[in-house]
Amino acid sequence: MALTPADWQMIAKAALPNMGKYLEWRSLWREAAQAQARANAAALTPEQRDWTFDLLTGQRAYSAKPDKRYQWKVLPQGMSNSPTMCQLYVQKALLPVREQFPSLILLLYMDDILLCHKDLTMLQKAYPFLLKTLSQWGLQIATEKVQISDTGQFLGSVVSPDKIVPQKVEIRRDHLHTLNDFQKLLGDINWLRPFLKIPSAELRPLFSILEGDPHISSPRTLTLAANQALQKVEKALQNAQLQRIEDSQPFSLCVFKTAQLPTAVLWQNGPLLWIHPNVSPAKIIDWYPDAIAQLALKGLKAAITHFGQSPYLLIVPYTAAQVQTLAAASNDWAVLVTSFSGKIDNHYPKHPILQFAQNQSVVFPQITVRNPLKNGIVVYTDGSKTGIGAYVANGKVVSKQYNENSPQVVECLVVLEVLKTFLKPLNIVSDSYYVVNAVNLLEVAGVIKPSSRVANIFQQIQLVLLSRRSPVYITHVRAHSGLPGPMALGNDLADKATKVVAAALSSPVEAARNFHNNFHVTAETLRSRFSLTRKEARDIVTQCQSCCEFLPVPHVGINPRGIRPLQVWQMDVTHVSSFGKLQYLHVSIDTCSGIMFASPLTGEKASHVIQHCLEAWSAWGKPRLLKTDNGPAYTSQKFQQFCRQMDVTHLTGLPYNPQGQGIVERAHRTLKAYLIKQKRGTFEETVPRAPRVSVSLALFTLNFLNIDAHGHTAAERHCSEPDRPNEMVKWKNVLDNKWYGPDPILIRSRGAICVFPQNEDNPFWVPERLTRKIQTDQGNTNVPRLGDVQGVNNKERAALGDNVDISTPNDGDV
């Protein structure tokens, strides 16, 4: 019994532990597997053997044509035969004919076969051999469809000895009603475009009908411009023809500067194939030199596809010096120059057909230059989302209001105004890459995508550039760089002009709304900062689309708070999945001042908690008491030892009771809300969207911008002594039944007062009934002000504000 390859694999695996004999076993397995494969192949017929993929034998007889090494068994679902299998089968049947007549041109497309040769005698010999060979493969040719002539039809085109004429297409207008109807018609026209010399720009009104409602049954109408384009197609079809290529003669590729988009043709004493670019450009501004290079690359590929060789000559509308300049500035031209091994020229053939293609006047920049102009005036431009545009020339600032809310669009309008105002040599400095790149491309731009909102502005700038006589140089400068020098100063003047004008034109409500759109602060902050009414401030917050879903809800319960900063802190970890690896957000908050600190870290282990504590304490100070939940990182020995070393008292709340850390839990929600709101804000262009940067911006707003009812921010409450009532009281200690004071009041509550004895480290809470209020006068805390004192007659009664003395009350007075 012969061993199968699977058996030999089992033997090889069993021998793996013995590494010394591994190579020997591998060689034996290979030889046995090949022997078994040869034995199996011997039982196959020659036809079956040709279609078998022999992996183990190592033979490479069919490696040049990989498709022949596979046995096709599965047909596409729903088909009775496979077009691919049909092609492969007929190609294999035609192989003996190709080998017998190597000079014969034999083309196959599905069930159509074309035989071509210069000598009719050779065709007469090849045709009977073809019939005989196909009959051996079970294939028959319908003799009634055979055409033997110097002029024949193949794939709908008429092939004559010197030219190829496309099939005649009847264009009917009576059934053009829906998107589907126009799609079919334009598909036929696009298929015939290699026969037509109509530039793409002339057919644009026709192809623009396909835009709009995407449903195939959506209505469409034939516009006047589209009807005129359709008439041009009908006229071109009447005389459409291509020349037959002469294999012994070279051919060239010509790229013409037609309007808006270039047109190319493979040429050999006549058009061999017309090549057109895509009708709809991928970019808003299609730079004409790049479009020529892209079409030239497309033409080189078409030459290889149709004729099997590259043209010997490439003709473009540029001189040799201009080609070198474009190759250094454009990636497409660099690829074209390095990939084409032939000659590049700019002298077109003299032929009447080619006279149509010279109507694009400017194909190389003449007005926009690449180097600064020494004799040109320098103008700095800037635009803002408030619609204010400004430019600075010779120290003079000019501002203008536009009805736009995009900084790029406003700056485009400012540049247009500058080009119209300054007609002499001009240097423009802008802080928008978008505007600088657009202006550099517009002079020789082909098609400007009409769907863009700035298309109309770009067209106006292009017309102004084409009508100018003096050169223009435009460059970019980074805004808010803080660098010294006149360029940074000029840009800063233009930038400040947009803000000053916007502030002067806007009302306090509008200014508050813009400030809120940037930072999404609270209504109390807006009310204090911009002197608004409570209703106006609340309306701004409630009308904000980013803040309306985060409005506070009433809460119940209370957490113990510190009466001074750095007394009691709460700390916890929350998750922000959008931060990726830094999704573990550690948050700490001071329960007295409300100062908050957060660190996006890669985990929530004890080491990460310690890292967060050190970062927070280095920024805002070390608390006396730190309260957390019962998480494993907080209850670990490592963190407990860290707290002891740092002399921080660590407390944990009840297990599974997050309300014990309600202050930091609320801080989680507040911080996440600001991360979401400020992500939708106006800092997208200036602030990078990194996790730490986003957290820092939110903390800056919460700690330094939001204010309380007394007009203080969290940072101010944390870094300064809190406002205390200017009151001194004497108070009785119920433990020793003695009176103390006078001491200052820290906090008042219902029925109780918190006093801070001057000789104690901690404050005390005392019932309000056990206190006696003493009003101070110029720092004298021992002399209270009383309107009437025992022992003083009516004539000597003290007036309000007089200084009198009072003895310390005894126990009976209380």
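Cβ from N, Cα, C; glycine included.
Annotated features in Swiss-Prot:
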type	residues	note
DNA_BIND	727-776	DNA-binding region
BINDING	Asp382, Glu411, Asp431, Asp495	Mg(2+) 1 binding site
BINDING	His516, His520, Cys544, Cys547	Zn(2+) binding site
BINDING	Asp572, Asp629	Mg(2+) 2 binding site
DOMAIN	1-159	domain 'Reverse transcriptase'
DOMAIN	373-503	domain 'RNase H type-1'
DOMAIN	561-733	domain 'Integrase catalytic'
ZN_FING	507-548	zinc finger
Local backbone state of His516 (Zn(2+) binding site), from DSSP in three classes: helix
Cβ-based isolation winner (fewest other Cβ atoms within 10 Å) among the binding-site residues Asp382, Glu411, Asp431, Asp495, Asp572: Asp495
Asp629 (Mg(2+) 2 binding site): tally of other CB atoms within 10 A of its CB: 22
Secondary structure tally of the domain 'RNase H type-1' (373-503) (DSSP, helix then strand then coil): 56 helix, 33 strand, 42 coil
Binding-site residues (Cys544, Cys547), the one with most neighbouring Cβ atoms at 10 Å: Cys547
Residues within 8 Å of the Asp382, Glu411, Asp431, Asp495 Cβ centre (excluding the Mg(2+) 1 site residues themselves): Tyr380, Thr381, Gly383, Ser384, Ala390, Pro407, Ser430, Ser432, Ala479, Asn491, Ala494, Thr498
Environment of His516, His520, Cys544, Cys547, the listed Zn(2+) site - residues of the same chain whose CB lies within 8 A of the CB centroid: Asn517, Val521, Ile540, Val541, Ser546, Lys677
Distance, Asp572 (Mg(2+) 2 binding site) to Asp431 (Mg(2+) 1 binding site) (CA atoms, angstrom): 43
Asp495 (Mg(2+) 1 binding site) to His516 (Zn(2+) binding site) - Cα separation in whole Å: 20
Mean predicted confidence [pLDDT] for the zinc finger (507-548): 84
Chain-internal residues, separated by at least six, CB under 8 A from His516 (Zn(2+) binding site): Leu526, Ile540, Val541, Cys544, Cys547
Residue pair Asp629 (Mg(2+) 2 binding site), Asp382 (Mg(2+) 1 binding site) - Cα distance, angstrom, rounded: 52
Tally of DSSP helical, extended and coil residues in the zinc finger (507-548): 31 helix, 0 strand, 11 coil
Those binding-site residues, out of Asp382, Glu411, Asp572, that come within 10 angstroms of His520 (Zn(2+) binding site) at the Cα: none
Three-state secondary structure, Asp629 (Mg(2+) 2 binding site) (per DSSP): coil
Residue pair Asp572 (Mg(2+) 2 binding site), Glu411 (Mg(2+) 1 binding site) - Cα distance, angstrom, rounded: 46
